[in-house]
Amino acid sequence: MGRRRSHERRDLPPNLYIRNNGYYCYRDPRTGKEFGLGRDRRIAITEAIQANIELFSGHKHKPLTARINSDNSVTLHSWLDRYEKILASRGIKQKTLINYMSKIKAIRRGLPDAPLEDITTKEIAAMLSGYIDEGKAASAKLIRSTLSDAFREAIAEGHITTNPVAATRAAKSEVRRSRLTADEYLKIYQAAESSPCWLRLAMELAVVTGQRVGDLCEMKWSDIVDGYLYVEQSKTGVKIAIPTTLHVDALGISMKETLDKCKEILGGETIIASTRREPLSSGTVSRYFMRARKASGLSFEGDPPTFHELRSLSARLYEKQISDKFAQHLLGHKSDTMASQYRDDRGREWDKIEIK
């Protein structure tokens, strides 16, 4: 029969001990390491009981106080409902809003509907790692950005004080699409001789204006006022006014001459039009460019360049010819960081573009 515990020790929970000087210690049964708890018996017993529950429950146990407090907390999924309304109030384009919604849907699938303050960096990192492991680093990067923005809005409304996304690593997505050089442009342009006449004109206009294919297809003659082509970019909503006196010296392209040819040869309501003088879709333009690229006989490392690469080529040529700031304005980018993604060689006011 074991030695009877003293009166002071008789009612203590397992792993809690009292020293002769009345000081309480908790001994971790896994390691034998002791932790001091002070001389307050009631507090020491409460701490020891909670520690025993945490160590031996076999699952993540949430303290009663945390459960009580969480009744007044906003959960992640309910906050995402609120975040969707915040996005809608920003006045962003429908296409951009749809892209946000797809990321929010992925977040709902990947994270529990727990109180915002209980969502951990570890849980977020695990979700993002799942995408990276599947070779979807670009998706992981976009989801992380959306989730971080959602938590920033929650902080702004006072629901939480820290952003658990901030400590996660941003996924590095490798862009595999090849850049297009000026010489390669000329070879594809030459190969496009057998294509419909509008393809060459679309290529010229893409390089001299630096705009996306979707915006090129939407350009109308009525958008030209007092020597400026007014473009509201469909992707970002950025409004820019491009001087029709622009020219790309490296390729011998004059915007005025290209516009004159479009009016004389195509003669549609839109600047780029089909042989029937009807508007063209971005898919049609991109598809015919792909055919001309294949006909050129050029080979590329990585994914071959699409029509979109003419925008990057434009930025790089204007950077050399005029300045990087000019290229940034022309592309409609808000930050130097984003503009540099297009300028590198890969190895609700109108912004009036001025040639300086």
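In case you wondered, yes, glycine gets a Cβ from its N, Cα and C as well.
In the three-state DSSP scheme, Arg212 (active site) falls into the coil class. Residues or ranges marked as active site in Swiss-Prot (evidence: sequence analysis): Arg212 (among others).
All protein chains considered, the CB of Lys235 (active site) has 14 other CB atoms within 10 Å. Taken from Swiss-Prot, the feature active site covers Lys235 (among others).
According to Swiss-Prot, the feature active site maps to His308 (among others), an assignment based on sequence analysis. There are 17 other Cβ atoms within 10 Å of the Cβ belonging to His308 (active site). Mapped onto three states, the DSSP output places His308 (active site) in coil.
Sequence annotations record features per position, and here Swiss-Prot assigns active site to Arg311 (among others). With a 10 A radius on its CB, Arg311 (active site) counts 21 other CB atoms from all the protein chains.
DSSP gives His333 (active site) a coil state; it is part of no helix or strand. Per Swiss-Prot, the feature active site maps to His333 (among others).
Taken from Swiss-Prot, the feature active site, O-(3'-phospho-DNA)-tyrosine intermediate covers Tyr342, and the record attributes it to sequence analysis.
Taken from Swiss-Prot, the feature domain 'Core-binding (CB)' applies to 74-155. Per-residue confidence over the domain 'Core-binding (CB)' (74-155) averages 92 (mean pLDDT, predicted model).
Feature annotation from Swiss-Prot assigns domain 'Tyr recombinase' to 175-355.
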Could you check which of the active-site residues Arg212, His308, Arg311, His333 is the closest Cα neighbour of Lys235 (active site)?
Arg212
DSSP tally for the domain 'Core-binding (CB)' (74-155), helix/strand/coil in that order, comes to 66 helix, 2 strand, 14 coil
By Cβ count within 10 Å, point out the most packed of the active-site residues listed: Arg212, His333.
Arg212
Can you tell me how far the Cα of Arg212 (active site) sits from the Cα of His308 (active site), in Å?
6
